[in-house]
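According to TrEMBL, the protein carries these features:
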BINDING   G23, S24, M25, F26, S27, G28, K29, T30, D95, E96, A97, Q98  ATP binding site
ACT_SITE  E96  active site, proton acceptor
BINDING   C152, C155, C184, C187  Zn(2+) binding site
BINDING   V172, L173, L174, G175, Y180  substrate binding site
Amino acid sequence: MLFSEQNFRRRGEFSGSIEVVCGSMFSGKTEELIRRLKRAQIAKLNVEIFKPRTDTRYHETAVVSHDLNSINSTPVDSASAILLLGTNTQVVGIDEAQFFDDELPDVCNKLALKGIRVIVAGLDMDFTGKPFGPMPALMAIAEHVTKVNAVCVCCGNPALYSYRTVADEATVLLGEKESYEPRCRACYNLDKG
Ligand SMILES: Nc1ncnc2c1ncn2[C@@H]1O[C@H](COP(=O)(O)OP(=O)(O)O)[C@@H](O)[C@H]1O
Ligand SMILES: Cc1cn([C@H]2C[C@H](O)[C@@H](COP(=O)(O)O)O2)c(=O)[nH]c1=O
Ligand SMILES: [Zn+2]
């Protein structure tokens, strides 16, 4: 079921909150983030969108999904830079949250306490299956957590892991289908012995 915004309060009332959209690569995190943000723009809310400056895969500035849906964003070097947003911002979107520093949960909490609706998308697990960066702490303090699944490229079941197909042990390795495939639990563990 699609996440519904119907319970959010109207403008002028306190509405600060944190939403997290998490899952594996290709699970639709960015599409869901863009969907929520575009609806907020249609509602004429002041929306600001951020991504880590290091995420240059599709575009220097825009947030772009694998299906090439996109929305403008501001690349930032650190989580604290997000606090420098305009004074009348009502909704903040953040993509690729796993790449941010450990300040991100505190930054999101401060924004939510100012009445801002914060929507964060990111990988919950890295390629080894471990929690990724600030994502678990964000999920712990969020009002709403939506976990989305990709389709396992091996068997077609729901995929929750991002399997790395190239020999590189670095936690951060930007890439697409040339380096990663979404896999279900069984297929992810097949090659792990
Ligand atoms: N194995 C797959 N499972 C699901 N979607 C896939 C797969 N491979 C490609 N896609 C495409 O990726 C899109 C999701 O892209 P995106 O929102 O950017 O995902 P994420 O941000 O989670 O990596 C899907 O709508 C689909 O068209
Ligand atoms: C699993 C994993 C992924 N990455 C990188 C690969 C991509 O550039 C992004 C994830 O993008 P998506 O929008 O979720 O498809 O993260 C990484 O650096 N390390 C990993 O372990
Ligand atoms: Zn599978």
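Positions of Cβ are set from backbone N, Cα and C atoms, glycine also.
Per Cα geometry, C152 is the residue among the recorded positions G23, E96, A97, C152, C155 nearest to Y180 (substrate binding site). Geometry remark: C184 (Zn(2+) binding site) versus S27 (ATP binding site), CA distance 12 Å. Same-chain residues at least 6 positions away in sequence with a Cβ under 8 Å from that of L173 (substrate binding site) are, in sequence order, F127, R164, V166, S179. Of the chain residues outside the substrate site list V172, L173, L174, G175, Y180, R164, D168, S179 have their Cβ within 8 Å of the site's Cβ mean position.
Of all the binding-site residues listed here (M25, A97, C152, C155), the one with the fewest other CB atoms within 10 A of its own CB is C155. With a cut-off of 6 Å between Cβ and the nearest atom of ligand 3, the binding-site residues C152, C155, L173 reduce to C152, C155. DSSP classifies K29 (ATP binding site) as helix under the three-state reduction.
With a CB cut-off of under 6 A applied against ligand 1, the recorded positions S27, K29, D95, E96, L174, G175 are reduced to S27, K29. Its Cβ placed at the centre, C187 (Zn(2+) binding site) has 19 other Cβ atoms within 10 Å.
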